[in-house]
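Colleague: Below you'll find the structure I mean.
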Number of protein chains: 6
Amino acid sequence: MMKDAIKEAEILSQALPYIQKYSHKIIVVKYGGNAMKNEELKHNVMTDIVLLSEIGIKVVLVHGGGPSINAMLDKVGIKPKFINGLRYTDKETMDVVQMVLAGQTNKELVSILNGKGAKAVGVCGSDASLIVAKKYESEDDLGYVGQVDQINPSLIYDLLDQHYIPVIASVGCDSEGNAYNINADIAASSIAQELGAENMVLVSDVPGILKDPKDETSLYSNISSDQIDELIESDYISGGMIPKVNCIKTALAGGVKKSCIIDGRIPHSLLIEILSKQGIGTLFTRKETL
Amino acid sequence: MMKDAIKEAEILSQALPYIQKYSHKIIVVKYGGNAMKNEELKHNVMTDIVLLSEIGIKVVLVHGGGPSINAMLDKVGIKPKFINGLRYTDKETMDVVQMVLAGQTNKELVSILNGKGAKAVGVCGSDASLIVAKKYESEDDLGYVGQVDQINPSLIYDLLDQHYIPVIASVGCDSEGNAYNINADIAASSIAQELGAENMVLVSDVPGILKDPKDETSLYSNISSDQIDELIESDYISGGMIPKVNCIKTALAGGVKKSCIIDGRIPHSLLIEILSKQGIGTLFTRKETL
Amino acid sequence: MMKDAIKEAEILSQALPYIQKYSHKIIVVKYGGNAMKNEELKHNVMTDIVLLSEIGIKVVLVHGGGPSINAMLDKVGIKPKFINGLRYTDKETMDVVQMVLAGQTNKELVSILNGKGAKAVGVCGSDASLIVAKKYESEDDLGYVGQVDQINPSLIYDLLDQHYIPVIASVGCDSEGNAYNINADIAASSIAQELGAENMVLVSDVPGILKDPKDETSLYSNISSDQIDELIESDYISGGMIPKVNCIKTALAGGVKKSCIIDGRIPHSLLIEILSKQGIGTLFTRKETL
Amino acid sequence: MMKDAIKEAEILSQALPYIQKYSHKIIVVKYGGNAMKNEELKHNVMTDIVLLSEIGIKVVLVHGGGPSINAMLDKVGIKPKFINGLRYTDKETMDVVQMVLAGQTNKELVSILNGKGAKAVGVCGSDASLIVAKKYESEDDLGYVGQVDQINPSLIYDLLDQHYIPVIASVGCDSEGNAYNINADIAASSIAQELGAENMVLVSDVPGILKDPKDETSLYSNISSDQIDELIESDYISGGMIPKVNCIKTALAGGVKKSCIIDGRIPHSLLIEILSKQGIGTLFTRKETL
Amino acid sequence: MMKDAIKEAEILSQALPYIQKYSHKIIVVKYGGNAMKNEELKHNVMTDIVLLSEIGIKVVLVHGGGPSINAMLDKVGIKPKFINGLRYTDKETMDVVQMVLAGQTNKELVSILNGKGAKAVGVCGSDASLIVAKKYESEDDLGYVGQVDQINPSLIYDLLDQHYIPVIASVGCDSEGNAYNINADIAASSIAQELGAENMVLVSDVPGILKDPKDETSLYSNISSDQIDELIESDYISGGMIPKVNCIKTALAGGVKKSCIIDGRIPHSLLIEILSKQGIGTLFTRKETL
Amino acid sequence: MMKDAIKEAEILSQALPYIQKYSHKIIVVKYGGNAMKNEELKHNVMTDIVLLSEIGIKVVLVHGGGPSINAMLDKVGIKPKFINGLRYTDKETMDVVQMVLAGQTNKELVSILNGKGAKAVGVCGSDASLIVAKKYESEDDLGYVGQVDQINPSLIYDLLDQHYIPVIASVGCDSEGNAYNINADIAASSIAQELGAENMVLVSDVPGILKDPKDETSLYSNISSDQIDELIESDYISGGMIPKVNCIKTALAGGVKKSCIIDGRIPHSLLIEILSKQGIGTLFTRKETL
């Protein structure tokens, strides 16, 4: 038993260089979609966030909603409508999206974090005009699908300075008070850039970028910015992963130090990524690091 | 035209003593229910709040939801259930209540305030464990109807210190993460007591307390704490007004300097109450002031 | 009566954009000369200043003395002496000028402001070496008539930071301790430039710049910097108004955002200018705004 | 020459314990009357104040006017009028008193201090309502002779915190804006009590309290509070010295640690008193120290 | 490998409640004597301290010297002299003691801590008069063996506030500049009391208090203050452990929340004690906790 | 006796301009070697430092050890070894050097300063990695003789901000924890450059730079940077004075305003240099000042 204790302490002790590396630095964690489905894993991710926050890392949590939104739309009898894989959002749908994201998912995450001893505060893009949005510019009209016009980070800084964990629902707002549905990866990326985050971690439900999609062990550990286009062209990155990775590319170009896609289904994948030598998932850096 | 300008400036100038009186003091404004129905009046109330905040008064806005909640319950096919005039709230209903309050009404008010140049931040009781709630103690089981167990005011102070307007949805949260529906008047009263507010203003859709309910001009301008029980017994205060007035009684006993019920249907009733000699509605004070 | 209240509140509410515009900004008000003669108007101007200060605008009051100086010179048997319209100031006269400005006018304004609930502090150019002056450079020796050599604004900033209203008598001082009579418009202009004031308001006893001097309604509402020389040449601006307007021209060139000449005889002209859409008097801006 | 330097440095070095004793403590220096007549001595006193301030002692200078007031009253043809040795002050006289004190003497002292490298700010009792006064209560009506009603010390603390030397003219002001002539010893005593001063030094034109008024060497070095009444009864303290000593008695009873009367005609008597073992003049303490 | 990572992260995650418990609290760690002999363990203890400091715990390290002192005394040819188990310390010996403690052991610990990324600052009792000492009062004259007269904690607070780890050599100093050898346990206890430490950890070279001194597994896990005397009387606590335990008793009586004796020979015993459920060694609390 | 007092006060008063000149500025004093031998002079130098600190000058004391090191090396039987006039330092010697410097000399100076009422804190280069050192680069291997690699001034600033006097032993430390003997003049010079000191004063045991080494009155009062090389070439500066003067040259080139060599054997030479017109010793400035 004492041996176990020593081994456990040894493990704690090995985290020291990582704790020092990220001390007082900002990490943006994007959590959402399918990674949210399993309650136990959700609690694990939240525990990890509280721990990171407690040891002096400034964690900003950005989340989408995913399944809950569809469930609610279903309940109120609104059929989701997709155009080229992007959700078309009419006013009525947007009302539901905002309610679920800012009133349900957001507050649930806040409650879990606070239940673990944290001081979390849930906000969305309209609070203190945090995410100023405008209609998404595209060929097709996507309704209240928005793109980020401006990030006003003062509220986040004020909350972080007072040791709160900001939990941000990916809803934007324009100056007329219209709410827009913002893709959570894009919201996280815009916020991470504005804050000059040390790391943007996308907690997903896949292991990362795979060389062979059928083989979960064929993981790319490291991808550099300049490899991304090539990997997309050669179809190693495909489907829903493309916008996600482009989001990362933009983040890195915009000043975020590094970014990674990790598997939220693996217990404590966030802690492993941040506080251990080996890391987990796929790490994206500005220059090739292999 | 110059005469008009002079007269207008004279009016501004007459507000000076009231501005000085409330300077850097806290006012809790409760806004909700039917007073929210008219869009123009809603904008007027919000403009008043921005103005009060801008001239150096610390305004905390507490709100309920009222009609929107019922509309949404209706949409998802849940029938509201009342026990002795208090809403019975099952889990499914509570989910909708929280979503509407924290995700819709709250964010709508925040957006209107910010659109007028304020820095408003919308939170609910779960944020930073602001309103710790527990199941409402009563003879009848009311489900997720809650009562205030504790107010943790740090978040409000931190927001006020940074010149944000806190907008608080009257949803409480216990340590297990269960959300509870808290009556907005009670939430406002608990918060006002914890903050030692200078004034708690209930923006309602009635003129105040009337001597003759059929005669809107038969208004009580002033009621002191010790008159309340008598007025209830003699039926001058009755129906839904009783819990509201008891809320005020508790607030005054708990340290709030004064409180008033004003008519949200009158344009700028909030400004009139706070910044003019005459006041409006019914003012409640600790000692008889007539 | 309720209608009046609503209308009054409406007026207050319309001031909001102007309050927001000037919030935490610096306004330099120059008050002096004939505009000081009427006691009621003096009280109105002071009320306006207290109100502006109370709603979060940083007001700096600069004043001359005018009639009181001559009255005192008369009492002690000193005959005022003018050279080319500028007062010649011998040592004995200067002593009287300083006594009246710094010991009488200054303290009277301070007392009025404090009587209205403000925290005003009266200083002159020698305090903390606020206005370092030197002998006025001109063809004619004007004795202790001075010009501004340097403004040391620390004291003003320190007072504004502690929410005092600085009231500054336009007396300068050189390093040997000699006091100099500084034209109050020039003192205000130098101070406004050093502080980067949002607005420099000259409270005068004329309506502003008139197209037809006999017709008070023929007012120029707006004059841009580059129009000034032309208006002087074509005699629209003449006499004592010329140095005043040149003072404004210098202020605008030196970083003051805008400046205006308003009529101190009109009640609350200062409030009208700052807090209403229509403005009053003649506004000077850097670029033509008509 | 080196010997001289060493001796001089030795003297500086001997001041160390006194510098440490008074470090960051408040000393109120009252300077006025005949002690002001000699220009050289005035400069010496001011140099001493700058030095004390520079080495970390918080010096507050309170002054009267004395001879200058009479000179000015004479100039304007007002005859001073005394009732029982106290000046009767009509409105016209009060105007002159205030002008001379706040506009002349005050600013002259400020200029001298600043000329020696200090940051002095001259104020009077009306500034920030520093000295709230009321009509002196006595059998005889003394006009605008006032007594201290309240000291509002915030302005002094604010100035001291920013390392300014506050120079205070002994003029009080009531809430209606009436100025009152306050005896400078009393003003100094009231201020010293409010500030809990470490020492109140009255710079006078006598050596101190003499056992034999004709023999300047017959000086009392130390007098304790409880000896004062006896010394007055036995005529050792008499004439104009009586109110001065009563002032000291009140100061000591009100919390001032110690007080002394020193001879302003002796060069650097202030430095000798504060920074040397021997002291100078008569020291008053709460308990007998002989 | 992934399994290992998950298990490791799980261990990190289990430390969260302990991290939260000690967050921003003060822990005094006493390290010295034989526990210092093994270089690897010394590094382990220092790593633990850096980790605790990095995750937000305010660690104060107090140390003695032990073997190094004797080694140096030997080198310079001074024979150590003990009276009743306490070192007799002549002036020459004291010079060596201070040199070794403050100049060697102290700086070595500081260097190790800083080499691991900490900001450690080494001081002794004379720095900022941290430990004011006087001659140890006892029947036998022990020379420069001292006892604590007063702790002046400002320097420790100032260093902790700036996120330095204070490393304190157990040397005291009187006002004449005489250094005294202070028992390190006593120094730690005095400091822990003055700081109101959450925990005082004595890192020793024994497992803790044993029921059977020959059986290292017969450890008392918990001892309450009121058991101590009895355990001494019944010889369970004996020899050099008696003063150590009395030190703990004093600390608990003087406001230290809890204290423990842990085995510095066990790797990471400090981390195990502070950050895990099981603890290690013997824990002393004010009330019986078994 | 009064005359003496006046004269003494006059001397104090003449120090005013120098007090003002150095107010809140940083002076680095290097004290060491033979200048430390006389106990009385040591106390004089420390008194001077306390006085300078007390009147608002930020004094940083850097010291070497000199005679004490050799005495201790002798005691432990280590023979000092010099290579080209620089001490060769093996590991064993370095241990003694550090112990004496950081554990004896440093703490002795700290105790003397604190005994005079100061708040001094003794540190060496390893504390907070203040002086990062590396092996001295030279033709001959000098063992643990080091040169400054980097100065991390945060600890000094933190101590000065809290009104401590930092006392720094000239021992450096590399990242592996190896201590190095740093020449105290060089340490002082590096620190003075990093701090942008107003003056670096080398307290020595010679009068300064002499034109005729046999004639102590043939002192150079002023030497400018560009004269140094010439004076070395022409042998006016020779022997051990050469590295000292080169140190000064580097300091001046690196931003130190001025530097001087003064004679520590003259009582209060430090006060004379800093607080009097005449100065003492040889002053080095960037440009020729004769």
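Cβ atoms are placed via backbone N, Cα and C, with glycine included.
Keep in mind it's a predicted model, so treat the numbers as computed, not measured.
So TrEMBL lists these for the protein:
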{"type": "DOMAIN", "residues": "A:25-263", "note": "domain 'Aspartate/glutamate/uridylate kinase'"}
{"type": "SITE", "residues": "A:Lys30", "note": "site 'Transition state stabilizer'"}
{"type": "BINDING", "residues": "A:Gly65, A:Gly66, A:Arg87, A:Asn181", "note": "substrate binding site"}
{"type": "SITE", "residues": "A:Lys244", "note": "site 'Transition state stabilizer'"}
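Any idea what these are sitting next to in the structure?
Modeller: Its Cβ placed at the centre, A:Lys30 (site 'Transition state stabilizer') has 30 other Cβ atoms within 10 Å.
Around A:Gly65 (substrate binding site), the same-chain residues at least 6 positions away in sequence with a Cβ under 8 Å from its Cβ are A:Gly32, A:Val97, A:Val100, A:Leu101, A:Gln104, A:Thr105, A:Ala169.
Every protein chain shown contributes to the tally, and the Cβ of A:Lys244 (site 'Transition state stabilizer') ends up with 21 other Cβ atoms within 10 Å. DSSP classifies A:Lys244 (site 'Transition state stabilizer') as helix under the three-state reduction.
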Colleague: With an 8 Å cut-off on Cβ-Cβ distance and a minimum sequence separation of at least 6, pull the same-chain contacts of A:Asn181 (substrate binding site), or say none.
Modeller: A:Arg87, A:Thr89, A:Met94, A:Val97, A:Gln98, A:Tyr144, A:Val145, A:Gly146, A:Ser170, A:Val171
Colleague: Centre the Cβ atoms of A:Gly65, A:Gly66, A:Arg87, A:Asn181, go out 8 Å, and tell me which other residues of that chain have a Cβ in range of the substrate site.
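Modeller: Going along the sequence, the neighbours come out as A:Gly64, A:Ile69, A:Asn70, A:Val97, A:Leu101, A:Ala184.
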Colleague: Translate the DSSP assignment of A:Gly65 (substrate binding site) into the three-state scheme.
Modeller: coil
Colleague: How many whole Å apart are the CA atoms of A:Lys30 (site 'Transition state stabilizer') and A:Gly66 (substrate binding site)?
Modeller: 13
Colleague: Take the Cβ of A:Gly66 (substrate binding site) and count every other Cβ within 10 Å, whichever protein chain it belongs to.
Modeller: 18
Colleague: Translate the DSSP assignment of A:Asn181 (substrate binding site) into the three-state scheme.
Modeller: strand
Colleague: Reported as an integer number of Å, what is the Cα distance between A:Lys244 (site 'Transition state stabilizer') and A:Gly66 (substrate binding site)?
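Modeller: A Cα-Cα distance of 15 Å.
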Colleague: Need the DSSP three-state call for A:Arg87 (substrate binding site) to compare against my parser.
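Modeller: DSSP call for A:Arg87 (substrate binding site): strand.
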Colleague: For a quick check of packing: other C-beta atoms within 10 Å of the C-beta of A:Arg87 (substrate binding site), how many?
Modeller: 19
